[in-house]
Amino acid sequence: MKSKKSKFITKDILKEAIIESFKKLNPKYMMKNPVMFVVEVGFFVTILLTIFPSIFGDKGHNLRVYNLIVTIILFITVLFANFAESVAEGRGKAQADALKKTRKDTIAKLIGKDGSIKTINANELKKGDVVLVENGDVIPNDGEVVDGVASVDESAITGESAPVMKEPGGDFASVTGGTKVVSDWLKVEITATPGESFLDKMINLVEGASRQKTPNEIALNTILVSLTLIFLIVLVALYPMATYTGVKIPMSTLIALLVCLIPTTIGGLLSAIGIAGMDRVTRFNVIAMSGKAVEACGDVDTMILDKTGTITYGNRLAADFITVGGADKQKLIDYSVMCSLKDDTPEGKSIVELGKQLGITIDTKKYESIEFEEFTAQTRMSGIKLENGTAVKKGAYDAIKKRVQELKGVIPKDLDEAVNKVAKLGGTPLVVCVDNKIYGVIYLKDTVKPGLVERFERLREIGIKTIMCTGDNPLTAATIAKEAGVDGFIAECKPEDKIEAIKKEQDEGKLVAMTGDGTNDAPALAQADVGLAMNSGTTAAKEAANMVDLDSDPTKVLEVVEIGKQLLITRGALTTFSIANDVAKYFAIIPAIFTIAIPKMQLMNIMHLSTPYSAILSALIFNAIIIPALIPIAMKGVKYRPMKSEALLLRNMIVFGFGGIIVPFVGIKIIDMIITPMVRILNLG
């Protein structure tokens, strides 16, 4: 899977992150992160203890120096946590700045009701206004093409250098504000008010201005706050108990113990993980309307996938004409081409092209005044009505069969055989009829995208079921489904069938993802837990979905699901690591506190740390430096491998649980060896 590659951190991002780290020290801001707020409060208390070492009756050699060292380490701990968040935000802001360059003061050519053109600022445009955009002009806002055909450079938004053809109707009518017309002209009806375009939404999202905490983040934050309160209560109770038993514990040591035991590591990285998850999605050219949408991707159980464009290339091209009922093949080709002359779909154009290759010549002027009936999901057929009243139709087997039967026509005995022949080849059969007589079948050939079997197998390994939706008959659907490797399929699928399929899965407690681009997909996109709309699709589809793919690649839903899973795994892994850290820090600090008054506590000093003060400072230093050490993992995410939930849990428990115990044991011991000479020189204690 490809994404926009960028440096992990640039000089500009680093400089901005350092400045922001200091700005975030404001207690009002720190209160948003209760765990780190407790650390900051501890920092202010130790400042007081540095100035007045005996304020709580504490005694000891060079206590002021010891308190000062604890103060500095606590300050650095808070600063590192702010730095982690600032780096994540900085990467988003850098991307936003690049996008802002495309959002200049654009001039719009507003077309009046009388056809006159008035030049106004793009900010004055309203929904429903129609503007003229000519070669070299920047499209002033999101809209739908109502007239004209032109090439549009979307590289400012999508990163794709190749221009995209835009024309009225179909999948290529939608245009995005900030993109540039590089040939011809377009008339565009504005569909977004200023400040609410996709460019504006994208800038707000990557800047983090509109980022709200997700339900999982809130739940985890609640657990972290609860743990912090528990340890705070324990420490408050420990002080009088220790005093009663004759153990003198300096207040700064108690604060150090509290900071080391509360989950500061994950507390300092939690916001960065969430922001980084959104950042990874945007680097795949997907706009997520919220962090909740990205998280939902990680919990998806079922994926509803359109066959065309997602599983197959969607370029169904006419490959053959098959006659039935003894019909003349020349007439079948004539009628097929005739009812496709005004069909602007790729299928319709390919039928006309194949007819030309077979020597058919039709006077197109003769049919200019004839009305064309477009294909719809309800009728599942298209065609024309000649001046003499004759109706020439092409469409799905069951739709044409029903029409012919209603007109008292006869169904050729070899029709089923012809349809099944095409279906078994994985093609789509289009049946052609003139009034109540069926002439034959058009074989539309499509190709399954390579590599899907392996990708669906990966999804199956992590418990995600895939269902293919297609308007094809059951035989064709079964052939394509088997070739692609999906778990199930819905043949002859209508828009309402997709909604029913989604509701059925949701009623079983499953989360569902789906892709779509048409207005008829909008209800299903809104119903799905994860709805990924194509940027080339209709405005209705994009408004209904909670994610939009700027590249208009339906297969990207597979990558988005993996990003969501990676986000959840990263958060879970680092939480496990953070809590496991406490075990090692417990064995470092507890013996150090009590070993002087209770010599037998020395047995708990399994790391053989040199002195009580070196043990406390070593644990505190490790607690601070582990935060920036884990920033790359928080930003890039834990490496994701498709596997069963049980195996994934076991792997992460071994790597981040057991590793979360071993790493601090080793780290604290190394730090202790480094700082012991300094502790002895300062004669702390």
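Heads up, the Cβ atoms here are built off N, Cα and C, so glycines get one too.
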* According to Swiss-Prot, Asp343, Glu347, Phe375, Thr376, Ala377, Gln378, Thr379, Arg380, Met381, Ser382 bind ATP; which of Lys329, Lys394, Lys401 is also listed for that site? -> Lys394
* **Lowest local Cβ density (other Cβ within 10 Å) among recorded positions: Asp306, Asp517** => Asp306
* Asked: Looking at the stretches 218-238, 255-275, 587-607, 615-635, 654-674, which one shares the most CB pairs under 8 Å with the transmembrane segment (68-88)?
  -> 615-635
* Grab the ATP binding residues from the record (Asp343, Glu347, Phe375, Thr376, Ala377, Gln378, Thr379, Arg380, Met381, Ser382, Lys394) and give me their largest CA-CA distance in Å. => 18
* Structure fact -> Looking at the binding-site residues Asp343, Asp521, the one with the fewest other Cβ atoms inside 10 Å is Asp343
* Interface check, the transmembrane segment (615-635) with the transmembrane segment (255-275), three or more C-beta pairs under 8 A -> yes
* In DSSP terms, helix, strand or coil for Met381 (ATP binding site)? -> strand
* **Least Cβ-crowded entry, counting other Cβ within 10 Å, from the binding-site residues listed as Ala377, Met381** => Ala377
* Structure fact -> One should report the C-alpha separation between Asp521 (Mg(2+) binding site) and Asp306 (active site, 4-aspartylphosphate intermediate), rounded to whole angstrom, as 10
* Give the distance between the Cα atoms of Ala377 (ATP binding site) and Asp306 (active site, 4-aspartylphosphate intermediate), rounded to the nearest whole Å. => 14
